[in-house]
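Working notes for the structure below.
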Amino acid sequence: MGELQDWSVTTCLLLLLFQASQIHCTSQTHVLNRLLYRSKRGFGSSVDTNHLNAIRHLSVSSPQNTSGVNQQEQKERDLIENLPGQPSVSFRQYGGYVTVNESAGRSLYYYFVEATKTKKSLPLVLWLNGGPGCSSLYGAFQELGPFRIYGDGKTLYTNPYSWNNVANILFLESPVGTGFSYTNTESDLENPGDMKAAADKYIFLVKWLERFPEYKGREFYIAGESYAGHYVPQLAQTILVHNKNQNFINLRGILIGNPTLNDIVETTGSFDYLVSHALLSQDSLLSYKENCATDTPKMEVDCIALSMKIDDDIKKMNLYNILTPTCINATLTPLTNQSKECTTVLQYEPCGMQYIAAYLNREDVQRSMHVTKLPHTWMLCNEATGFNWNQTDYSASMLPILKELMKHDQLRVWVYTGDTDTVIPLTVTMHALKMMNLTAVTDWLPWFSEGQVGGFTEEYKGNFRYATVIGAGHEVPLYKPKAALTLFKHFIRNSPLPLTP
């Protein structure tokens, strides 16, 4: 396959994916750079194990506390008495910083919510959003956390399908430069990448467990979505490598949704999804094949023009969930009794991202969450982080790491996909899983949530399960909170998804 042809493919995907920047905030130039890098190495490249080997030999500096901070006292200072505008709750919540490199002044922000009941025995779960450079507070306040934000941008309401009904949930803003996380050393922000992020997350976790020692030895899980398809397995492998020292972490499994797993299959999988859902016409696909997908492609301009047409056809929809509307008017509105009655977790709010930004940039909110006064506003995603991310890391396959994790009998690996996402659609994930040569131990069957089909699932040897969620987009807990909680509950309990209503 020639470079000109590859370039046209990446141009097309660039235009398709740029519309998705409304959530991930990745700039057009950044996406182009990433995809151009992929085209240069070729789409037919075999799955390599470079990243697995890098994780195996990842050097993590000593996470020992050298600042003289009393961790118990710091934990007490991290306690959040109440978030502004929150309803009353029965669980404790904490927010604060853990320094992962004292000489550089590099600190990561966390928000932690205890389980609603039996918190002393339930496991600890670390949640990571993707990007790279997107805040996990989005997951906390828009997806699986205990609160959602009303349209006034200052009042919270309860999420009855919060994952802290099942476990203690720790949200981490990483890598440095994401959300409220910061560094005093400018060079920390210049060359971000997977290895640095994995090392910082591991150091954070070890030091956080010193602050919250009651969770040492507790069952521990890592979950996340999107580019956390890199973060989660890399951190899991890092933990296993370093568990031989005194900082043992009782890792029992990983859960990743709509994940970036293998760069090679993203092109074919994306086209497959768009055509199968009538979002890309057969004529456009045929024209693409005739103009661009040949050994002697036509003039470059033909491919660019076709890419522009495809982009124009789909750019007005929500590419993160093709069944939901886009945000048209993001103006904050006063809260009334009527608006309270009309707002529920089960009703998708297309402008929810704007409500989060308004809430987290309030001075009283940041004060209650123990946020250091930063010279910039909180943003859902840091464009510079995504733009500067190591291109080799972007293109690395996570499949070898997943297969390595499957060798550990005590670990379970679950992957799930919302089936109305076009950014990382189920066809991309299914192509990637096919490359793993998994051995199925069950049929492809429907699973149920509260009497209705929640999606389809299949289990494989090696404690590996794949599940789809019907009607859910890129952020499954946002669009289908009931089904997401059912899936999470069975993952934590290590039980099969319900196969009967």
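Cβ from N, Cα, C; glycine included.
As annotated by Swiss-Prot, active site applies to S226, D421, H474. Summarising the annotation, Swiss-Prot assigns disulfide bond to C134-C381, C292-C303, C327-C351. According to Swiss-Prot, the N-linked glycosylation site annotation covers N65, N101, N329, N337, N390, N437, on the basis of sequence analysis. Per Swiss-Prot, signal peptide is recorded for 1-25.
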Pairwise Cα distance for S226 (active site)/H474 (active site) [Å, integer]: 8
Select the closest residue to C303 (disulfide bond) from the following recorded positions, measuring between CA atoms: N101, C327, N329, C351, D421. D421
Nearest to D421 (active site) by Cα distance: which of the recorded positions C292, N329, C381, N437, H474 is it? H474
Neighbours of C351 (disulfide bond) among the recorded positions N101, N329, N390, N437, H474 (Cα to Cα, within 10 Å): N329
Residue among recorded positions C134, C327, N329, N390 with Cα closest to the Cα of H474 (active site): C134
Conformational class of C303 (disulfide bond) under the three-state DSSP mapping: helix
Taking the Cα atoms as reference points, how far is N437 (N-linked glycosylation site) from N390 (N-linked glycosylation site) in Å? 29
When neighbour density is defined as the number of other C-beta atoms within 10 angstroms of a residue's C-beta, which of the disulfide-bonded residues C134, C292, C303, C327, C381 has the lowest density? C327
Measure from the CA atom of C292 (disulfide bond) to the CA atom of N390 (N-linked glycosylation site) and give the result in Å, rounded to a whole number. 29
C381 (disulfide bond) and C292 (disulfide bond), distance between Cα atoms, whole Å: 34
Including all protein chains shown, what's the count of other C-beta atoms within 10 A of the C-beta of N437 (N-linked glycosylation site)? 9
